[in-house]
Amino acid sequence: MSAIAPEEEETVVVEEVSSSHLPTTMLGRILLGASLVLIAFNLRPVFASASVLLPEIVRGLGLTSLEASILTTLPVVCLGLFAPFAPRLSQRIGTERTLLLVLVLLAVGTSLRGIVSFPFLLLGTAMAGGAIAVGNVLLPGLVKRDFPKQTALMTGLYTMALCAGAALAAGVTVPIENMVGGRWELALAFWALPVLLILALWLPQALAAGKRPRQDRYRVSSLWRDRLAWQLTLFMGLQSSLAYIVFGWLAPILRERGMDAVAAGAIVSLEVVVQMIASLVLPGIAMRCRDQRGVNLVLAACAAIGLLGFLFAPLWSVWLWVVVQGIGQGGMIAVAMTMIVLRSPDSHVAAHLSGMAQFIGYLIAAAGPLAVGLLHSLTGTYAASGILFALIGLGIAITGWGAGRNLHVSARSERIG
């Protein structure tokens, strides 16, 4: 990159919490770790719950194919657009209180999806997507800051929680809709309840952290000109594109091929369970390797081949593709998060590398679900997406080879006050 991004010209204030603000007892650290995992759990039901009910939402609101594509793509776009606000919010009000705000916005946004109105559905989805974007950025930095000796374990746990939230939402949203008389809007709004529960658990911890934790001023420079940072960002974006294709379109793909709503939701749920297991195991394996290049190639192949299997292979073989795609997708998500930490020389660079990877990465990711919807609108079938899946898989393999090298990004944080 020949030009410096605007963010590089600013002095960035990165939160540096003193040890007095961190839990000193084992119980306190367990509570903090469990809270972070539960927060992560609530960052995915917004995607999976709408996916399994998409045909009902389309019929209920009379949506066109383009409007359905906008609905599935909007939260991913918000992940990219709102990610840059996370570091600034964190330095202004503290990381703990920023996460508290995330949970409040997520609860309100999810509740708004319970109103039978396309504008309210979009508004609630955008609010929830923005909240999730900030939470996504803050979690890797918190792991680096508060659990430096348990990075692989905590990364695996919160990534597993992300998958668990998606799996549960995919598996039980349709049964919940059946329980409430086929009212899809109530099934969507139901997922505000677990957000409120973790909000009650996190509130005292956020207040106990203090209004303005001690902060030091740091300048993070050269990140946006770093080749390795861009390779990691593109890897994050392309693997996220496949992930949100799974969340947004796998159930409709299976239903078009002849599965009923409950069975398709169960398949998506089981797939995400496999992702969850892979996300717990793969970070430790990846960290024990000399680098992550080979791991990334294998995972990219599994994820792309698995999606092609869902699309073209006989339905009796769907269980094979659940395992293959789940291992690839879950492993890529976890390894991408792990590499943000591994490629960063310190927690300050990690926070900004996370922000860069998610800002640019999720804007790239949004193109995947949108393209699937547009291709379906143009051709009347999901089969045309097969070429798209193969090309994304190839892109993941290429960028994963570069991002997997055992190097640090050249960016450094400089303390200036």
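Cβ coordinates come from backbone N, Cα and C, glycine included.
Annotation comment: TrEMBL describes 21-417 as domain 'Major facilitator superfamily (MFS) profile'. Per TrEMBL, transmembrane segment is recorded for 30-54, 66-86, 98-116, 122-143, 155-176, 188-207, 228-250, 262-282, 294-313, 319-342, 354-376, 382-403.
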Looking at the stretches 30-54, 294-313, 354-376, which one shares the most CB pairs under 8 Å with the transmembrane segment (319-342)?
294-313
At a C-beta cut-off of under 8 Å, are there same-chain residues at least 6 beyond the transmembrane segment (122-143) that contact it? List them, or none.
36, 39-40, 43, 46, 50, 70-71, 74-83, 85-87, 89-90, 95, 98-99, 101-103, 105-106, 108-115, 151, 154-155, 158, 337, 340-341, 347, 350-351, 354-355, 358, 362
Mean per-residue pLDDT computed across the domain 'Major facilitator superfamily (MFS) profile' (21-417):
87
